[in-house]
Amino acid sequence: MPSKLFVGNLPDNVDSNKLKQVFQPFCKVTECDIVKNYAFVHIEEDDVDPIITRLTGYTIDGKVVNIKKSTSKLRPTPGMPNRCFRCQSDEHRTPQCPQDPTNNQKTENGVQTLKFDLTSGAGVKRSAGDPIIDSAKRIAYGAQSVVEPEIPQPMDPDLQALYQEYQLSRQRYVYYRDRLLKEMEAKQHGSTAGFALSSSSTVPVPVASAPPGATQLSAAPVSYQPNAPPVIASINAPYAVASNLRAPYALQSAPYASAASAPYGSVTPAGAPSNVMTTQQYLQQIQHQQATGSPAPVPAPPRLY
């Protein structure tokens, strides 16, 4: 049967290998447990008295060690006896003690059932249908949840505008969540006024200010509509119906009019503005109208050059 020896008054620099070398010439050492200035040496010999006699007065680093048989304060003899610690009986051990109330609680199949008190003496637990809390308040405030922690502000200047929109979204979420819970509570109590504001009133929602030079972002929904041409109202002018009405000086026989079949665009002569009639051409047109008898229109101010 293995035994254990107590070794006291050890120096501070003693390790398990050095202590094991002291006992190996006299016995077979299995383990050494050093605790500050004392240790426990486990050996395989049953008779430890000769070993204690030989090592009495042994000196390690100038200190005389104290060696004796290790015993427990509760058990004078080493080893675990076959005695019940509950009823002090030698016929059985503690797990099989009949005085243990948990050993008598068995089911029909002979399986032992263990019961644990999880309340720790705090009292009787409330049931799910406990009417202490009002049902309306339970509905209104039962849906509250912990808002996730806020993300720290990044140091990158390109992310500042997006981070401000993130903070604004968090503020809006908390505001509308509290408003919804208050409305639900008001509806449960039968209140007609409520806590919500009417649609015509304005609610000051916090708006994040963009830093200088950054792009302003918006979290509000924007409705997009296809681009449609503007509607022009009809005009009751005498010349609105005529589609081939031209100015009196817009002649197709002008020397500067380009042909329709030209493969390239017309080139305006250098020094002369485009779509401008000369004075000679304008006088020829007036004479032609007087000869044919057509009424002469009010001429536009000529551009002379």
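Quick reminder: no glycine exception, Cβ is built from N, Cα and C everywhere.
Helix, strand and coil content of the domain 'RRM' (3-72), in residues and according to DSSP, is 14 helix, 27 strand, 29 coil. Positions annotated as domain 'RRM' by Swiss-Prot: 3-72.
Among the features that Swiss-Prot reports, zinc finger is placed at 84-97. Residue counts of the zinc finger (84-97) by helix, strand and coil are 3 helix, 0 strand, 11 coil (DSSP-based).
Annotation comment: Swiss-Prot describes 284-305 as region 'Disordered'.
Positions annotated as compositional bias 'Pro residues' by Swiss-Prot: 296-305.
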